[in-house]
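Database features, via TrEMBL:
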| type | residues | note |
| --- | --- | --- |
| BINDING | 51, 82, 85, 183 | Fe cation 1 binding site |
| BINDING | 82, 134, 183, 186 | Fe cation 2 binding site |
Ligand SMILES: [Fe+2]
Ligand SMILES: [Fe+2]
């Protein structure tokens, strides 16, 4: 029970932080072009769905590993970070009025199921799944950071007339870079906790990678 309350408190705090960072004196920059707005919507939609999925995958794993002396703190730490990622994208999605993925109920069930089944199959298989997922997500965030760096720097500051990032885009880039680094830590943790001892490693790794890539592709569009 206290865990559920803690998760809600953590989400509310993350959301409040983002709302406080929003500009209050109207726009500071040229409006986004149609293509920029469409891309940004896709970024928020897929990242919100992905972080919701990550939150629930670790929740599923915690049902099993919450009883393990060795793994409880490890999973808990990664889960806490995913809760924060999820809350941040929830707030961005609401703040920027982006419609959530229509498949949200399916992401919830699929992610929790993946975490739970991985946990039931054992530490090595659960960690190999984490290794695959975090590899795909790290690459996904790097791609977004490249596009945001290259295609969003042509907007005029309404005061100075110079082309710079708006506070809103700078904020999103900063968040994605931080989360990318944390996902990369999760990848290292999975390897440290025997992901590569799973048998057959290549099959589990490639299957979960393909599943994750398919989910990312779909959540960007639906
Ligand atoms: Fe995450
Ligand atoms: Fe992660």
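Placement of Cβ uses the backbone N, Cα and C atoms for every residue, glycine included.
Any TrEMBL annotation is an automated prediction that lacks curation.
Owing to the predicted nature of the structure, the values given are computational and were not obtained by experimental measurement.
Annotated features, which come from TrEMBL, shown on the structure.
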residue : record                   : Cβ within 10 Å
51      : Fe cation 1 binding site : 23
82      : Fe cation 1 binding site : 23
85      : Fe cation 1 binding site : 24
134     : Fe cation 2 binding site : 24
183     : Fe cation 1 binding site : 26
186     : Fe cation 2 binding site : 22
Request  = Filter the binding-site residues 51, 82, 186 down to those with CB closer than 6 A to an atom of ligand 1; keep them in sequence order.
outcome  = 51, 82
Inquiry  = List the residues in the vicinity of the Fe cation 1 site, defined as same-chain residues other than 51, 82, 85, 183 with C-beta within 8 angstroms of the site's C-beta centre.
reply    = 50, 54, 55, 81, 84, 86, 137, 179, 182
Query = So which other residues, same chain and not among 82, 134, 183, 186, have a Cβ within 8 Å of the centroid of the Cβ atoms at the Fe cation 2 site?
reply = 54, 78, 81, 130, 133, 137, 138, 182, 184, 185, 187
Inter-residue Cα distance where the pair is residue 186 (Fe cation 2 binding site) and residue 51 (Fe cation 1 binding site), in Å = 13
Query = From the Cα of residue 186 (Fe cation 2 binding site) across to the Cα of residue 85 (Fe cation 1 binding site), what is the distance in angstrom?
reply = 13
Request  = Sorry to bug you, but what's the C-alpha spacing from residue 134 (Fe cation 2 binding site) to residue 82 (Fe cation 1 binding site), rounded to the closest Å?
outcome  = 12
Key: Cα separation, residue 134 (Fe cation 2 binding site) to residue 183 (Fe cation 1 binding site) (Å, whole number)   = 6
